[in-house]
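**Q** Before I ask anything, here is the structure I am working with.
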Amino acid sequence: MGRFEGKVAVVTGAGAGIGKACALAIAREGGRVVVADIDGSAAIACTAQIAAEAGHALALAIDIADAQAVAALFETAERHFGGVDLLVNNASAMHLTPRDRAILELELAVWDQTMATNLRGTLLCCRQAIPRMIARGGGAIVNMSSCQGLSGDTALTSYAASKAAMNMLSSSLATQYGHAQIRCNAVAPGLIMTERLLAKLDACMQTHLRRHQLLPRVGRPEDVAALVAFLLSDDAAFITGQVVCIDGGMLAHVPTYADGGNSRAARPAGETAEADAAPRC
């Protein structure tokens, strides 16, 4: 018997990447899944894959920054599946990241739109899920944060700020509704090779980022989905209010770890020690 038999999950941003991996993981363990994504065709494709594996899912196209649309999403989930037990807030305004620059170069419209989706959208989904979870005796929420929300960068100002705020939103929710048997945790992925990221990062940048990991491979969406499934399940029944990094050790080391002069720095598979003396990308 799967860990999510009899449970209903809403997963936003579930049409591709980490969100899709989460939806599949929940369905494979018996959960019924509402696959929500702004790209309706991607949501339908994910639902079709779940159905092909004998799972149960419903596809819905939604912009989570729209309060009325979010309310309709949860009403539909309740009408179709009888309630909501689990929520994965994964949707994020990733299409804005190329314009998400340093503070003085940042367009305010990018800041506003990023916050509207990443933070307001997460809040709206939580506000719809919490009463329904209370009605069913409790539930579990995972908010998809990022390592970007834990350390500064030369760009991605809006994205990082939204994810840092999401971490505190998760702690606040856990504090305010723990008495109602609702758990909430945030997951902070590092370098996870989704199709979108593979298309955006050239080989030089991938090599640079991998030097800052302690494990000799990049992360996969399935790695994150396994952590999310654990946090949603009864296996994590006493875990709440936490921000859990899944980054291959990217934030665990001293800043000089990946410097060329550090002979102990991790190297991509097949790379020799002589590469330490080569110019960096």
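Residue 1 is the first one shown; counting continues down the chain.
Cβ atoms here come from the backbone N, Cα and C positions, even for glycine.
From Swiss-Prot, for reference:
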- 10-34: NAD(+) binding site (BINDING)
- S146: substrate binding site (BINDING)
- Y159: active site, proton acceptor (ACT_SITE)
- 261-281: region 'Disordered' (REGION)
**Q** Taking only the Cα atoms, work out how far V34 (NAD(+) binding site) lies from S146 (substrate binding site), in Å, as a whole number.
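**A** Rounded to a whole number, the Cα-Cα distance is 23 Å.
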**Q** Which residue, out of the recorded positions A14, C22, I26, G30, Y159, shows the minimum number of other Cβ atoms inside 10 Å of its Cβ in this structure?
**A** G30
**Q** Between I18 (NAD(+) binding site) and Y159 (active site, proton acceptor), find the distance joining the two CA atoms and give it rounded to the nearest Å.
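**A** With distance taken Cα to Cα, Y159 (active site, proton acceptor) is 17 Å from I18 (NAD(+) binding site).
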**Q** Neighbour count, 10 Å Cβ-Cβ cut-off, for V34 (NAD(+) binding site): what number do you get?
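**A** V34 (NAD(+) binding site): 28 neighbouring Cβ atoms within 10 Å.
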**Q** Which state, by DSSP, holds C22 (NAD(+) binding site): helix, strand or coil?
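**A** Its secondary structure by DSSP: helix.
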**Q** So what sits near V10 (NAD(+) binding site) in its own chain, CB-to-CB under 8 Å and at least six residues off in sequence?
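**A** Within the chain, V10 (NAD(+) binding site) has Cβ neighbours under 8 Å at V33, V34, A36, L73, F74, A77, V84, L86, L87, V88, C125, A129.
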**Q** When DSSP states are folded down to helix, strand and coil, where does Y159 (active site, proton acceptor) land?
**A** helix
